[in-house]
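Data block below; observations after.
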Amino acid sequence: MATLEDSFLADLDELSDNEAEMDENDGDVGNEEEDVDMDMADLETLNYDDLDTVSKLQKSQRYIDIMQKVEEALGKDSDGAEKGTVLEDDPEYKLIVDCNQLSVDIENEIAIVHSFIRDKYKLKFQELESLVHHPIDYARVVKKIGNETDITLVDLGDLLPSAIIMGISVTSLTTKGSPLPEDVLQKVLGACDRALDLDSARKMVLDFVESKMGSIAPNLSAIVGSAVAAKLVGTAGGVSALAKMPACNVQVLGHKRKNLAGFSSTSQSRVGYIEQTEILQSTPPGLRARASRLVAAKSTLAARVDATRGDMSGINGKALREEIRKKIEKWQEPPPARQPKPLPVPDSEPKKRRGGRRLRKMKERYAVTDMRKMANRMRFGTPEESSLGDGLGEGYGMLGQAGSNRLRVSSVPSKLKLNAKVAKKLKERQYTGGATTSGLTSSLAFTPVQGIELCNPQQALGLGSGTQSTYFSESGTFSKLKKI
């Protein structure tokens, strides 16, 4: 069993081994500590009161080189890339890609400078940022107002609309700001000048890109325009990258998600730079979503033609643009009026019906009876009888007016030809089946000779007495059958 001293010595040995491993990694740890120290030093020396510490794009070598190349390219005229060269190897195409990336960096730099101006100038006029939203317009207004206390004396007519100027004038009367110190004011004015310089540089870059898009992507420029084509190519990373993208992704290039503050996002547009094209701006609002999908699909086809340099004259792009225009005009046409449907041509020939015994029996079964024929006829000058009297109810027509004084006729159809045997049976049933006499018969008879006399009602019906009315006859005998 190890003692306490032995365990303590073992711990010391392990500790010495760990120190040796740490000595081997001293170099790496020292370098990491130096990097951390340097990062902390940079953060400590970073002064947000100085604009140069937060805005460094204009002093970068990349910015200077690209702007110099753009100025040189704008100074000389070029017909575009040669037909034999590959698009990615063209120096102008490389410069256009760099300009597109630089334009994005310039926009981010303008946002940083705008944040600096807004933080410093809110001590003077805090409500101005809620009235003027665009960064360049905000910088121009701040540079124009300065430390002026009465803003109504400042002419802002060439910078802002009259409605916004009226809002600034009314809000300045109730603001709680105070004039800025001279050093802070100079920093704000310098930041405004830098924002305006960045904006002019961005416009120069976009003008260069738009001027060269006719030779780099003529078919795409013919559909969406040079400005939108430059933005699409710059965002996608080149014409080849744009040609490989599906149309649904081209449609949302440049789309910025807005903060709707809890409102529904169904009304938010899902269209990017394509929404800035002339085609969509001239399309009715109800058809813009459908038109944006069409423009994105045709733009992808045009970009694929430009990536392979198949048509440098732009004829395919013009044809696609004309196809888009015709389809949008077709969508706006009213639906055709509903034409009246004519009646079919009458068939003058009689229809062919099958004949035979079955058809004849069916006609006899559904034939109109004589009683119905009489009920459907009326005699001129003679009123018809009705079920309720005085012409009310169902009329009987000529029933009962022919002298028979009966409302019903024989139910046996006249067209049925009964043979003699059936007729004889019916006659026997009529006379022999009446064993039950009517309740109106009487045994008294009136004769002109003797007056009233008694008689037998059975004799009037031709029936005898005794066994004549029974099943067996008086003259009949039993027959003897010969046994075999």
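Backbone N, Cα and C define each Cβ position, glycine as well.
Looking at 1-34, 375-408, the range tied to region 'Disordered' in TrEMBL is 1-34.
Helix first, then strand, then coil: DSSP counts for the domain 'Nop' (216-333) stand at 79 helix, 0 strand, 39 coil. The DSSP breakdown of the compositional bias 'Basic residues' (351-360) into helical (H, G, I), extended (E, B) and coil residues amounts to 4 helix, 0 strand, 6 coil.
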